[in-house]
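*Asks:* Here you go, one structure.
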Amino acid sequence: MAAPQLTLSILVMALLTSSVTAYPNGKVPMSCGGMIPQHNHSPKSEPIHQITVSQTTFRPGDQIKVTLSGPPFRGFLLEARDAENLSGPPIGSFTLIDSEESQLLTCTDVQGLAVSHTRSSTKTEIKVYWDAPNPAPDHIRFLATVVKQFKIYWVKIPSPVISQPNAPPFTTPKATTQPLTTPPSVSHLTKPFSASECGNKKFCVRSPLNCDPEKEPACVFLSFTRDNQSVMVEMSGPSDGYVSFAFSHDQWMGDDDAYLCIREDQTVDIQPSYLTGRSYPVMDSRGTLEDMAWRLADGVIQCSFRRNITLPEAKNRFVLNESYYIFFAEGPSHDGRIFRHSQQPLITYEKFNVTGTPKSVGGSRSSPLLKAHGALMFVAWMTMVSIGVLVARFFRSVWSKAFFLREAAWFQVHRMLMVATSLLTCVAFVLPFVYRGGWSWRAGYHPYLGCTVMTLAVLQPLLATFRPPLHDPRRQVFNWTHWSVGTAARIIAVAAMFLGMDLPGLNLPSPQKTYAMMGFVVWHIGTEVILEIHAYRLSRKVEILDNDRIQILQSLTVAEAEGHVFKKVVLAVYICGNVTFLSIFLSAINHV
C-alpha cells in the first residue's frame, strides 16, 4: 500500500523541482498579445536580461540575428513589434537556430510570429533569426518576457530600436509594459467561520455533514450568503497548499467557474480561475472580487470574498442565480503554483442555486457507479469466492449426499457461489467504463488487473462446463487446470482490490482500509491452514488406530463424524468473520 503513496510523492517532488512555470513546454499562444504569463503574480519592474541584434538597420526581407541573454532563466517569449505601437500585433517571422531550446508559436493563426522555450531547463542565452516582413514599419523593437521562477518574471523587456535606412528619426517611444492595476485590498480574518446560520441565512456545503469549522478543524466548509445583488462566499478546509471550489454544469471537471485560495508562505492568495478540461486552471483577474479576507491556523486555510451575482463583463464567470453542481477540492502548492488535488473532489449530489433558499447540504468524493463497483467486487471476491473454495476443498465428505439433479450438496453450493461471483464481476466490471466513458489512464495497474480477473472469472465457468467424467483420463488435467485458473483469479483479484482501494475515485479511509484488507487475507489463509491441519490430523489418527481394515473403517466413521462437526463450526465462524470484514468495507464505501 505504500507503493502508490511513494509514487505520488515522487511525482509531486518531480513537479516541484522541474515544472516551475505554468507551461514548461512553452506552448503559450494565449499570451502572444499581452505577453503576460498566467502565473498569478506581478512581474518584476527592473529587467536583468537584455536583447541584442546583429544590425541596427534593416530592409524588408532582411534576416537579423536576435539574442536574448542574461542570468539563468527557464522560460521566455520573444516577439517583434512596431516600435511606435508596442501594443499592436507581432510583426515578421522567426527562424530557429536551436530547436531543442526554442520553438515557433502560432499567434493570430500565423505560424512563427513568436518564439518560446521548449522545456523548463535552465538557460542563459537564446539565439534566433528574425525575417523582416514586406512591407515593414519604419522602426522595429523586439520584446521579451523572461521567467526565472514561477513568481519571478519580467514582461516586455525591450531591445534597441532597429530602423529602415530612409525612415524618419524615432522620437516617440512607447511604454514597453502595460501599467499594472492596483490589486484589490485583502484583509485578515480574526476568527474562524461559523456554521450556526447554515440553512437559515447561509447556503452551506459541508463534509462531514453538519460539521462546524469553528469547532472542527477537519471540517470542509463552503457557505454562500446573498446580499442584494452580490454573494458573500466563505471557504474553509484542512490543507497546506490550497483549497478551491467550482461551479459546474455536470459532475465532470472542465468548463467550470472556479475559485482558489492558495497558501504562499504565511499569506493566502485568493484567485478566480476557469477550468478547461483537466488542464491547469486559467487564472483570471481578481477585479471581479471584493471584500477579500483570509486566515491560516491549525493547518486550515480559510478565505472569503464577495462577488456580484452577474458579471456580464467577465465571460468565464457564471451567473450565480442558476443551479450548478458544486465541487470542493484541496491539494499541494509550491511557490504559488498549485498541483493536482491529492484526493477526489467533494461533489454535491445534485445541482443547487446558492442564491435561493438557504440549505445545508453534503456531497460525496466518489461516484455512485464507483461505489457500486467496489461493493460488488468486495461481495464477490471477499465472500462468495472464499466460501466456495472452502466448501469445494474441505466439505466434500460433509455434504456428500446428492439431491437436486442428483448432484452432491457441496458441489451445488460451490457452483452456485462461483456462478454468482462471475455474474457480479461482469456487472461490476462494466460500471467504471460507464462512469469514465472509456478507459482510465490515471488508474495505474488496477484496470489491467481487473481485466485479467474479468477474463479468468468468465473462463472458469466455461471450463467447468467441459468437465470430463470422474474416471476419465482427462479428469486429472481438468482438476489441475480448474484449480490453477481459480487460484490465479483469487490472487490477482486481491491484488486488484489492494490497488483499487488507493484510487481517489473510491477514497476509502487510510490506513484503516489497508489493515482491514490485510486482516481479511490473514483470516482466510488462517482458516485454510486450520482446516488443512485438521484434515491431516484426522487421517493420521485413523492410520494409527489398527491395521485391521474393518476396524479402520469403523474408526474412520466415528472420526469423520467428529470432524464434520468441527468443520461446520469453523465454517460458521469463518462466515461470520467474512461478513464482518465485508460490512466494514461496505460501510466505508457508503460514507465516502
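Cβ coordinates are placed from backbone N, Cα and C, and glycine is handled just like the others.
Annotated compositional bias 'Low complexity' per TrEMBL: 172-184, in sequence order. Per TrEMBL, the feature domain 'Reelin' maps to 13-179. Feature annotation from TrEMBL assigns domain 'DOMON' to 216-331. Per TrEMBL, the feature domain 'Cytochrome b561' maps to 335-534. Taken from TrEMBL, the feature region 'Disordered' applies to 165-187. The annotation signal peptide is assigned in TrEMBL to 1-22. Residues annotated as transmembrane segment in TrEMBL: 375-395, 416-435, 447-466, 478-501, 513-531, 569-589.
How buried are these features, and what lies next to them?
*Replies:* The predicted model assigns the domain 'DOMON' (216-331) a mean pLDDT of 91.
Panel annotation: around the transmembrane segment (416-435), residues 367, 369-370, 372-373, 376-377, 379-381, 384-385, 387-388, 391, 447, 450, 453-454, 457-458, 460-461, 464, 505 of the same chain, lying at least six beyond its termini, place a Cβ under 8 Å from a Cβ of the stretch.
Below 8 angstroms of C-beta separation, residues 1, 4, 374, 377-378, 381-382, 385, 389, 444-446, 449-450, 452-453, 456-457, 459-460, 463-464, 466-468, 508, 513-514, 517, 521 of the same chain, each at least six residues beyond the ends of the transmembrane segment (478-501), sit close to that stretch.
Long-range Cβ contacts of the transmembrane segment (513-531) within its own chain (Cβ-Cβ under 8 Å, at least 6 residues beyond either end) map to 1, 382, 386, 390, 393-394, 494, 497-498, 501, 567, 570, 574, 577-578, 581, 584-585, 588.
Panel annotation: around the transmembrane segment (569-589), residues 366, 371, 374-375, 378-379, 382-383, 386-387, 390-391, 395, 506, 508-509, 512-513, 516, 519-520, 523-524, 527, 530-531, 534 of the same chain, lying at least six beyond its termini, place a Cβ under 8 Å from a Cβ of the stretch.
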*Asks:* Please give the sequence-distant neighbours of the transmembrane segment (375-395): residues at least 6 beyond its ends with Cβ less than 8 Å from one of its Cβ atoms.
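*Replies:* For the transmembrane segment (375-395), the sequence-distant neighbours (Cβ-Cβ under 8 Å, at least 6 residues beyond its ends) are 410-411, 413-414, 417-418, 420-421, 424-425, 427-428, 431, 453, 486, 489-490, 493-494, 496-497, 500, 520, 524, 527-528, 531, 535, 567, 571, 574-575, 578-579, 581-582, 585-586, 589.
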*Asks:* Using a Cβ cut-off of under 8 Å, list the residues of the same chain at least 6 residues beyond the transmembrane segment (447-466) that approach it.
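*Replies:* Cβ under 8 Å, 6 or more out: 381, 415, 418-419, 421-422, 425-426, 429, 432, 439-440, 478, 481-482, 485-486, 488-489, 492-493, 495-496, 499-500.
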